[in-house]
Amino acid sequence: MTEPLLKMRGVKIEGRSDETWNPIINGVDLTLARGEVLGLIGESGAGKSTLGLAAMGYTRDGVRISDGTIEFDGIDLLTASAAVKRELLGKRIAYVAQSAAASFNPAHRLIDQHVEGPSQHGVMSRAESEADGMELYRKLRLPNPDEIGFRYPHQVSGGQLQRAMTAMAMSCRPDLIVFDEPTTALDVTTQIEVLSAIRDIVDQFGTAAIYITHDLAVVAQMADRIKVLLKGDEVETADTRTMLDAPTQEYTKSLWAVRSFERPAKPAIATGAVPVISVQNVDASYGSTPVLHDVSFDMHEGRTVAVVGESGSGKSTTARCITGLLPPKSGQILLDGEALPASYKKRSKDQLRQVQMIYQMADTALNPRMSIGQIIARPVQFYLGLTGAAKRKRVDQLLEQIELEPSEYYNRLPSELSGGQKQRVGIARALAAEPKFIICDEVTSALDQLVAEGILRLLAKLQDDLSLSYMFITHDLATVRAIADEVVVMKDGRVVEQGPKVDMFTPPHHAYTDLLLSSVPEMDPDWLTNLLKERGVDNVGDAAVDKM
Amino acid sequence: MILWIAAVLVGMGALAWVFRFAGQAATGNVPKFRDMPFGVAYGYILAVLVVGWLIWAYFQGRSSDPAIANKFFFLRIGIEGFIIFAIAAWLFRLAGRRVGTAWSRKMFRAMPLTAAFGVMIILIYAILAIFAGLLAPYGQEQIIPGVAANITPGGDPALGGNPDFPLGTDQIGRDILSRLIYGAQNTVGIAFATTLLAFFLGGTFGFLAATFGGWLDQVLSRMVDVLMAIPSLIFALLLMTIASVWAPRLGIPLTVFMVIIIAVIDSTRVFRLSRAVGQNIVVMDYIEAAKLRGEGFGYIIFKEILPNATAPLLAEFGLRFCFVFLTIAALSFLGVGIQPPLADWGTMVRDLSGFVNYAQFAPMAATAPLLAAGAIALLTVAVNFVVDWMLHKSSGLKE
């Protein structure tokens, strides 16, 4: 075996906060052979991205590599001069960022940004690299590869942009590409296109890659080897198959077990039961653009209805109609069999109390200037009129329900909480109103799998204790499998299929449901290969959609 | 001349190259010198030259030959003032770290020197303004009998000064020190009241426009656009001229009109800012949650929006205060602001402005109008230092 391409030994990285240096990575070794793909997984805050950037000899501002060596093809990146690094980065080491939309310069066309690397490094002339760019676009299965480069970043979709970025990283035929969660922000159906495109091109050019993600199923498709990180320490490293079949460490096993959470099926709904919330023939539009067409479904007491679909399918808009933020053009919303006024402004305090909402981004859903206690206490006081000691007692009770220690968390600000804890506070705020019905809008999509599972378990427990009804908006079918009783599938503002979960997950499906279901990555490393074979390798997602 | 400048620039370029090369050779190629871009090396050379020139000029200013010393007089005062203030601020911060409550000691420990300077200056001004009657040796309108007019500051009889009047007297024989102290009361007090009023008006309407949106936003914003289209100083002048006719008829002091006029004109800027800031906050999910809870507008504005808007509003307050202050000084300078015989810094600059012409040969005499101007400048800088620091703290920025 020849020398490895990348060799990191005992790398320690520190970040500066509050005037002191705190460790982010405590001595991690990493070896990467030529043409090998290494998956780097862990929760957020585990130091995946920091380590990935360090592999390029780069650190973010306020971060320093304090110890260890990083050797790329025999060149010590830590002592290399700026000129040497400039020569390496972009040419021999490339980087694909998580958010392609934020990483492209919106003022230049894609191809202009694509040719910058090769012409800057003197690899190709501008014309050559333009032609090469189109070739790469074709290899990455972008539509209209000869023209798409002449568009501006806002004129192509997120998945296409992510592929254009991969093409850009490939432009100099680097030896190493660092992928930093390239598909995290994408829909399941788009994710597949990007994954298969990336996998093929990395394969074709024999490029080594570090693939950073928190999605195990994704990494299983992409990587030859997997390295698990926890709080800056390496947990274990092994071949993908070995790792999936026989993880040795407790932590890895717990990561693997996340997807096993599933609630037992509930008995069928009694005929004639009055639904808590009934959406009836709702049409809605933003301005003159229609978004919802004749949407109807019921939600019953103590049950969870999962509403699934891609972004733009009208899931969140339906929620806005139910809460009254967007009065429907026609149709109505019934609460316990009685029609709710269309606009929230016209609803009574009690009607408002019964319908609560938990938001996707806990960061923007909690006022950053209020303490946790204040945030939860407000609905307690507002709806139930409790004050003083009684209010405090109720807030403590709610904090206990969401499994946060009241004495410790009452006076904290949202910024002093982790993502999962913030989401719990969001749940407590909704619970404080003592509602019958809670809308959960993608509540777990911004969270790591372990944390998300905790939230799902909590929601399930609360439902059993308080017989709440949930409307669970999500695009993640694993979540649906875990928590839903009934499923509503939406596409382009219409309900395409609805029914009990068991029926939804057993064929035959509506073509679109089928596409959604089959696009959820599985832990099997051969899953993507098999799926592509099944669908016929060409442009997977689009082809399936077109068939409908 | 151009050739000469070009020669210096090229010479500096060569020096920068030599400097970097020497650095590389002397330190065995440490990354700092190895990766230093040419521009940075050039910057070092430039900085060294400028500091060198300042030191040279400072000693020119201390020369015994008055012809040379006078040329560099103000530069010398500036450098001395800078050093003295820096030391004073450092001592002030040191004192703040030793005495006071645990809270204030902790605050002083985390305080940068600039902020300490700002706090110190504001404290001094506040004390002067509050206790003006006790601190000032003479009255603000008192023409001291038997004392010459236009005594030069400095108290050196050889240069036309008088030790009894360390800052000299003005053109009708009033003590400038006393008038400066009273000026703090008048100018700063009125500016503070005006800024508060401007923020009350602009902030309230701005947040209302942001939360309600729709026609209310349109009406308010277009009105503000109209007001902002008129150059503010000219507009203020015009309104003040009208007010000066009304004031005696209505029996209301002109100062009240001035406060209202400047406040209204400045509130348009505050309106724009608070509306923009408010609009960014209104789209947050927690505002939506509050709306869905059925909260009223009062709660949403004061409990949900305002706490999140304090940082930019505070920064604007510091800036706005300085602008208001300068507007008052400018109006007084033009003769429609604070009326004599009340002491006001703007008026003092105007009244003594003729002396600036003596700067070449009698710098002490030229200092007279600059004292009030310096008082304005010092406060402006101090307020901005403090605001910067507060912003830095509240934004939670690191480094």
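Backbone N, Cα and C atoms are what each Cβ position is placed from, and that goes for glycine too.
Heads up, TrEMBL stuff is auto-annotated, nobody curated it.
Listed in TrEMBL:
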- B:184-382: domain 'ABC transmembrane type-1' (DOMAIN)
- B:6-26: transmembrane segment (TRANSMEM)
- B:38-59: transmembrane segment (TRANSMEM)
- B:71-92: transmembrane segment (TRANSMEM)
- B:113-136: transmembrane segment (TRANSMEM)
- B:188-212: transmembrane segment (TRANSMEM)
- B:224-246: transmembrane segment (TRANSMEM)
- B:252-271: transmembrane segment (TRANSMEM)
- B:317-338: transmembrane segment (TRANSMEM)
- B:358-387: transmembrane segment (TRANSMEM)
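By the Cβ criterion (under 8 Å, sequence separation of 6 or more), the transmembrane segment (B:224-246) is not in contact with the transmembrane segment (B:358-387), since fewer than 3 such pairs are found. The transmembrane segment (B:113-136) makes no contact with the transmembrane segment (B:317-338): fewer than 3 of their CB pairs lie within 8 A, with pairs spaced 6 or more apart in sequence. Note on the transmembrane segment (B:71-92): residues 54, 57-58, 60-63, 113-114, 116-117, 119-120, 359-360, 363 of its chain, located 6 or more positions outside it, place their CB under 8 angstroms from a CB of the stretch. Sequence-distant contacts of the transmembrane segment (B:317-338), counting only residues of its own chain at least 6 positions beyond either end whose CB sits under 8 Å from a CB of the stretch, comprise 186-188, 190-192, 194-195, 198-199, 232-233, 236-237, 240-241, 244, 255, 258, 262, 266, 269-270, 344-347, 349-350, 376, 379-380, 383-384, 386-387.
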